[in-house]
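J.: The signal peptide feature in Swiss-Prot is assigned to 1-27. If you look up Swiss-Prot, you'll see 34-111 marked as domain 'Inhibitor I9'. The feature Ca(2+) 1 binding site is assigned by Swiss-Prot to Q113, D151, L184, N186, I188, V190, with experimental evidence given as support. Marked as domain 'Peptidase S8' by Swiss-Prot on the basis of sequence analysis: 116-379. Here Swiss-Prot flags D143, H173, S326 as active site, charge relay system, drawing on sequence analysis. Taken from Swiss-Prot, the feature Ca(2+) 2 binding site covers A274, Y276, A279, D302, and the record attributes it to experimental evidence.
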Amino acid sequence: MKKPLGKIVASTALLISVAFSSSIASAAEEAKEKYLIGFNEQEAVSEFVEQIEANDDVAILSEEEEVEIELLHEFETIPVLSVELSPEDVDALELDPTISYIEEDAEVTTMAQSVPWGISRVQAPAAHNRGLTGSGVKVAVLDTGISTHPDLNIRGGASFVPGEPSTQDGNGHGTHVAGTIAALNNSIGVLGVAPSAELYAVKVLGASGSGSVSSIAQGLEWAGNNGMHVANLSLGSPSPSATLEQAVNSATSRGVLVVAASGNSGAGSISYPARYANAMAVGATDQNNNRASFSQYGAGLDIVAPGVNVQSTYPGSTYASLNGTSMATPHVAGVAALVKQKNPSWSNVQIRNHLKNTATGLGNTNLYGSGLVNAEAATR
């Protein structure tokens with residue numbers, strides 16, 4: 001999450017909807033909201049979709065009850081549907097034995113050539129001197145998009161934000177994150193941790209800096225389907241989501257190292273998705289290697305990285321200094337890319353464990369996890 005000279009707090013404004021209809025009585029259509037329906041198995045998803053498509057967006061629950069559903073997205077790798085319903089119909093649908101859960105499609109927000117201090121602090125130049133710059137490693141930036149910039153080489157991507165088909169960044173957050181990962185070594189601007197890594201702009205947050213769980217889950221699915229080695233998620237929410245956890249697990253099972261921001265509220269608990277076991281949770285430190293006051297901590301924190309006054313790329317071919325665990329997370333994603341280049345046969349789990357084992361200990365593991373990510377030690 002981005003903290004531009006102030007505090008940006010992860011929020012969960014909810015975007016949900018449902019519509020109730022009956023074969024006996026018809027009332028004025030209720031306002032619809034967005035939900036995620038999780039099924040026990042993939043076959044049940046297909047059968048459910050076939051039924052609502054055959055009945056003009058209506059699920060028939062019994063002879064006397066129907067539920068009007070608008071299908072928004074069918075996930076390929078997890079048994080989940082993104083739909084619009086009226087809230088009154090949720091209880092009726094939950095009685096279907098093939099449905100595991102129904103949850104609101106909650107909103108998730110950003111956690112918001114000189115060599116920036118953070119790049120030096122994680123000792124990335126030492127790895128560069130060994131010829132390790134992230135070459136051949138694919139890093140997906142699940143964020144607000146990435147703007148065209150002379151200091152960035154964007155290889156591709158996709159947008160999962162309704163109404164924003166372009167992967168260009170209308171906020172600034174994603175472009176800043178991308179620069180910390182892979183700003184080019186081109187004698188201008190700033191230098192990234194892994195300047196030769198392949199950047200992919202996966203837009204899951206809109207210009208406002210927020211987005212839905214379904215968009216983020218689709219972004220993770222895209223990362224798994226397109227052979228990404230690392231996925232940077234500088235975003236979070238205080239609320240759990242079964243769909244988002246499944247998406248993290250699915251991406252991890254397909255070889256993606258999911259690196260996520262711990263959150264910016266300063267609380268002694270980690271935000272989601274960073275709190276999930278298969279996500280690598282990253283906290284923020286300042287120039288004195290102390291925990292940044294805003295950085296969330298606690299059980300499940302894996303590692304820390306610089307997150308205060310971080311200078312990086314910004315839209316309009318400019319540069320900006322921002323604060324946040326969002327700024328810390330791409331330092332870790334970048335070091336992961338360096339390790340992957342050096343050890344191309346290593347799995348995401350091996351890379352995650354290696355980053356933790358080679359981190360510089362800073363004391364209290366509740367505050368710092370395994371310590372400060374260390375590119376020099378990780379690439380020896």
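Positions of Cβ are set from backbone N, Cα and C atoms, glycine also.
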J.: Starting from the Cβ of Q113 (Ca(2+) 1 binding site), draw a 10 Å sphere and report how many other Cβ atoms land inside it.
T.: 12
J.: Name the one residue among H173, N186, I188 whose Cα is closest in three-dimensional space to that of A274 (Ca(2+) 2 binding site); these are the recorded positions.
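T.: In terms of Cα distance, A274 (Ca(2+) 2 binding site) lies closest to H173.
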J.: Have a look at the recorded positions D143, Y276, A279 and say which one has the shortest Cα distance to I188 (Ca(2+) 1 binding site).
T.: D143
J.: For L184 (Ca(2+) 1 binding site), which of the three DSSP-derived states applies: helix, strand, or coil?
T.: coil
J.: Nearest to D143 (active site, charge relay system) by Cα, among D151, L184, V190, A279, S326 (recorded positions)?
T.: S326
J.: Closest of the binding-site residues to H173 (active site, charge relay system), Cα to Cα, picking from D151, L184, N186, Y276, A279?
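T.: The smallest Cα gap between H173 (active site, charge relay system) and any of the binding-site residues is with D151.
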J.: DSSP on the domain 'Inhibitor I9' (34-111): how many residues come out helix, how many strand, how many coil?
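T.: Final tally across the stretch: 20 helix, 38 strand, 20 coil.
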J.: Distance check, please: Cα of D302 (Ca(2+) 2 binding site) against Cα of L184 (Ca(2+) 1 binding site), rounded to an integer number of angstrom.
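T.: For D302 (Ca(2+) 2 binding site) versus L184 (Ca(2+) 1 binding site), the Cα atoms are 28 Å apart.
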J.: Roughly how many Å lie between the Cα atoms of N186 (Ca(2+) 1 binding site) and S326 (active site, charge relay system), rounded to a whole value?
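T.: That comes out at 25 Å between the alpha carbons.
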J.: Can you give me the same-chain residues 6 or more apart in sequence from L184 (Ca(2+) 1 binding site) with a CB-CB distance under 8 Å?
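T.: Once residues fewer than 6 apart are set aside, L184 (Ca(2+) 1 binding site) is near D151, L152, N153, L191, G192, P195.
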J.: In whole Å, how far is Y276 (Ca(2+) 2 binding site) from Q113 (Ca(2+) 1 binding site) when you measure between their Cα atoms?
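T.: Q113 (Ca(2+) 1 binding site) and Y276 (Ca(2+) 2 binding site) have their Cα atoms 36 Å apart.
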J.: I'm trying to understand the geometry here, so how far is the Cα atom of A279 (Ca(2+) 2 binding site) from the Cα atom of S326 (active site, charge relay system), in Å to the nearest whole number?
T.: 14
J.: Over all shown protein chains, what is the count of other CB atoms within 10 A of the CB belonging to Y276 (Ca(2+) 2 binding site)?
T.: 22
J.: Over the domain 'Inhibitor I9' (34-111), what is the model's average pLDDT?
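T.: 90, rounded to a whole number.
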J.: Rounded to an integer, what is the Cα-Cα distance in Å between S326 (active site, charge relay system) and Y276 (Ca(2+) 2 binding site)?
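T.: Between the Cα atoms of S326 (active site, charge relay system) and Y276 (Ca(2+) 2 binding site), the distance comes to 17 Å.
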